[in-house]
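Below is one structure; the comments refer to it alone.
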């Protein structure tokens, strides 16, 4: 049976709507009928066919990894799922036999493969994933929100790596993940949450999500904002979401002694860092990759159930046949999360 899918067909800029064979599930898998997908920054990299994509993405391949769907098939060894369950899923498929997997630190598996990156993705009418990777969506959480659990999980993992209660938090990079991390920080009790960027659209979006201050670093100095907020000792926690070298070095300059930094943004490999700031301030820096399996997922659901409102981050919806408009919107930088509807 042929089904619709968005695929990377050629080693050049673009993504194409095509027909592929419906995937077949194994004994430990679920077959999921996709309802909604969201476009990730990774998908934009794949669309643009940048240096990372050229080294990483096999062609041809169905792409996409942010989704919500309904279980329509269950492998014979699978327990705990029923036909009709609403699910999203962890996009990192882990090996199960390395030291970290066996030690319960699955998110640190050295043999990870990625849905829509190294194996068939979710931009399709149907997806097969290991049942281990599926996460049931509680009633009361909308399909829209469920479809962005993957990037929301990046935000939650980054933000909750350190204690935020009563702390002053600096977030560099107001993309959708940075903005969601800011919302999480406010929700769990941070004092001042300051986010920086140069994109006014995204900074306005951050204001709607409740940040203390959204700072365009082209127009304002971070030091002036700190003074305005009555901060005298620097930020306690930094969440680096941009991958921008000047943003990261500005963060180092403005951290308090003993401050803690989570790094999610991917900088150039040759980025220059003022290590004196790290050493003499006694800073702690933690690299973040993906989501903790599955502690982050349970936290995500609980945060929404406890009143965290992420709906402003979803700014655009398109039918799947209009996928090109969705990608154009994401590439413009004038959007939050963009959702593609498969129904």
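Note that Cβ sites are derived from N, Cα and C of the backbone, with glycine treated the same way.
The Zn(2+) 1 binding site feature in Swiss-Prot is assigned to 40, 65, 66. A C-beta separation below 8 Å, combined with a sequence spacing of at least six in one chain, links residue 65 (Zn(2+) 1 binding site) to 40, 42, 43, 91, 114, 115, 116, 117, 121, 122, 150.
According to its DSSP assignment, residue 42 (active site, charge relay system) is helical. Feature annotation from Swiss-Prot assigns active site, charge relay system to 42 (among others).
The Cβ of residue 45 (active site, charge relay system) lies under 8 Å from the Cβ of 52, 53, each of these being in the same chain and 6 or more residues away along the sequence. The active site, charge relay system feature in Swiss-Prot is assigned to 45 (among others); the stated evidence is sequence analysis.
As annotated by Swiss-Prot, Zn(2+) 2 binding site applies to 95, 98, 101, 109. With a 10 A radius on its CB, residue 101 (Zn(2+) 2 binding site) counts 19 other CB atoms from all the protein chains. In three-state terms derived from DSSP, residue 101 (Zn(2+) 2 binding site) belongs to a helical segment.
In the three-state DSSP assignment, the secondary structure recorded for residue 288 (NAD(+) binding site) is coil. Sequence-distant contacts (6 or more apart, same chain, Cβ under 8 Å) of residue 288 (NAD(+) binding site) comprise 154, 157, 158, 161, 262, 263, 264. Swiss-Prot lists 177, 197, 202, 264, 265, 266, 288, 289 with the feature NAD(+) binding site.
Take 177, 197, 202, 264, 265, 266, 288, 289, the residues named in the record as contacts for NAD(+): the widest Cα to Cα gap among them comes to 23 Å. The most densely surrounded of the binding-site residues 66, 197, judged by C-beta neighbours within 10 angstroms, is 66. Here the candidates are the binding-site residues 95, 98, 101, 109. The one whose C-alpha lies nearest to that of residue 197 (NAD(+) binding site) is 109. Counting every protein chain shown, the number of other Cβ atoms lying within 10 Å of the Cβ of residue 42 (active site, charge relay system) is 22.
When the alpha carbons of residue 98 (Zn(2+) 2 binding site) and residue 289 (NAD(+) binding site) are compared, the span between them is 17 angstrom. Figure note: comparing Cβ neighbours within 10 Å for the binding-site residues 109, 177, 264, the maximum is reached by 177. The shortest Cα-Cα distance from residue 66 (Zn(2+) 1 binding site) to any of the binding-site residues (95, 101, 109, 177, 265) is found for 177.
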